[in-house]
Amino acid sequence: MPLGRTAGSLLGAMLMVLFRVMTPDQAYDAIDLPILGLLFGTMVVSIFLERADMFKYLGSALAWRSRGSKDLLFRVCLVSAVASALFTNDTCCVVLTEFILKLARQNNLPPQPFLLALASSSNIGSAATPIGNPQNLVIAVQSGITFGQFLVGVFPAMIVGVITNTCILLCYFWKYLSVAEKDQEGGAAAAGPEVVADDEVTSHRFTPARMSHASSVNGVDADCVSEPIRRSDSLNRADTHSMRSRSYNSEGDGVVGPRKITRTTSHQRSVIIEDAPEADAKDGEKGKDAGEVKEKRWKVLLWKTSVYLTTLGMLVALLMGLNMSWSAITAALVLLALDFTDAQACLEKVSYSLLIFFCGMFITVAGFNKTGIPNALWELVEPHSRIDSAKGTALLAVVILVLSNVASNVPTVLLLGSRVAASAAAISPASEKKAWLILAWVSTVAGNLTLLGSAANLIVCEQARRAQFFGYNLTFWSHLRFGVPSTIIVTAIGLLIVASY
């Protein structure tokens, strides 16, 4: 049924209560509030980092002095992996897909290897930290593993995995990339109208992803856009907004004169631009405007610095072993307070559908566990999947890999997490932590197996397909041909590193 994962999880939760598998109180108790708090806090922090032009700087790192197609492919893999570890893989793919597609079109390169590099490297990179993806959040909260322990245990595997994935991409697309480089060196004309001009890339606007489609107050899109407003741009748009500006004041209680036009962005709060005749009447007014613009620039710089310092403080708190949920929520509230604007525009971009999905999934999995079916199935597999042997570790990885692609990675972690940890704890206390890290690594990299294995894959596919004038359709089979060998190899290599932790 075409319900989507959020409605599907709510349907499962409702059925558990309707058929009296659980009471309503038990259903509410099954919801893990620390995980929801950590997820909410990290999403708000990511939104503010996007507004502070973090992705604009990452885009500049991708485009700056690129030395051909292979160099660009390596940069895409590295940047997307690092960004996903800090911003979550979904956010990284939402913001970077269109820009990377433009880069490929600009250089007359085939988009497929770069889109696959973004999706696969984002998934691999997100495995390195508890805030990289939702299933890692679940693992970090349920296991009690600190941010630093998680990073030390998985980060080496992530680095090796990204390098291995990049090598596989280069081997797989070497011929196509080499032909494209020869065409560039030979000065061959770009074929077709889809090639993107240089100014289209340099002027690309890294806007924060819309996680919620609710409109702002009074129907006005108060988007959190990190783009400084220019006086000339505002005056050019004066005609478009003149009727609204002249008809109502900010409180909507009467008619006002045509003296002021106000636009608000994340960089300039309530920047007031006077009418051109009035603004240009006196030279003193021009100097005053220039001084105001300079003052606004300093405010923007100060605001960006505060965003980065707050985020750094959150990471330090996480590395110190403080409560992850409250550290993330505190950082989010500090950023909202420092913004000095109505928080609605930014809070609208929080993925509330994901939070609701988690609530429904907590109830559904808890009810499913009460049936005894998961325990019965696990008792059949558990004796052969202990992590004290190479054969058992490999079998456990296969089970996680298959379930992550059949039932999705978050339900897989919720179903297997406590069982895998209990089985490992029977071996030794140190093995329990290792089992959680193996679950985090395999369930995350498993998303690269098929196009449907990860939300990040679907985001890249959909964003690329919808890109205007230069779109590209990444098909299921084109992803599968690369995804199967890459997932198997990267999972196996990373598993050796994580298992030796």
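Each residue, glycine too, has its Cβ placed from N, Cα and C.
Among the features that TrEMBL reports, domain 'Citrate transporter-like' is placed at 2-446. Annotation comment: TrEMBL describes 235-259 as region 'Disordered'. Among the features that TrEMBL reports, transmembrane segment is placed at 6-23, 35-52, 72-101, 151-174, 307-338, 350-368, 394-416, 436-460, 480-499.
Contact between the transmembrane segment (151-174) and the transmembrane segment (436-460) holds: at least three of their C-beta pairs are under 8 Å, each pair 6 or more apart in sequence. Within the same chain, the transmembrane segment (35-52) stays apart from the transmembrane segment (480-499): fewer than three Cβ pairs sit under 8 Å, each pair at least 6 residues apart. Remote same-chain partners of the transmembrane segment (480-499), defined as residues 6 or more beyond its termini with a Cβ less than 8 Å from a stretch Cβ, comprise 116, 120, 124, 127, 153-154, 156-158, 160-161, 164-165, 168-169, 172, 387, 393-394, 397, 401, 434, 437-438, 441-442, 445-446, 448-451, 453. Where the transmembrane segment (436-460) meets the stretches 6-23, 72-101, 307-338, the count of C-beta pairs under 8 angstroms peaks at 72-101. A Cβ distance under 8 Å defines the sequence-distant neighbours of the transmembrane segment (394-416), meaning residues of its chain 6+ beyond its ends; these are 5, 133-135, 138-139, 357-358, 361-362, 364-365, 368-369, 374, 378, 381, 384-387, 438-440, 442-444, 446-447, 449-450, 452-454, 487, 491, 495.
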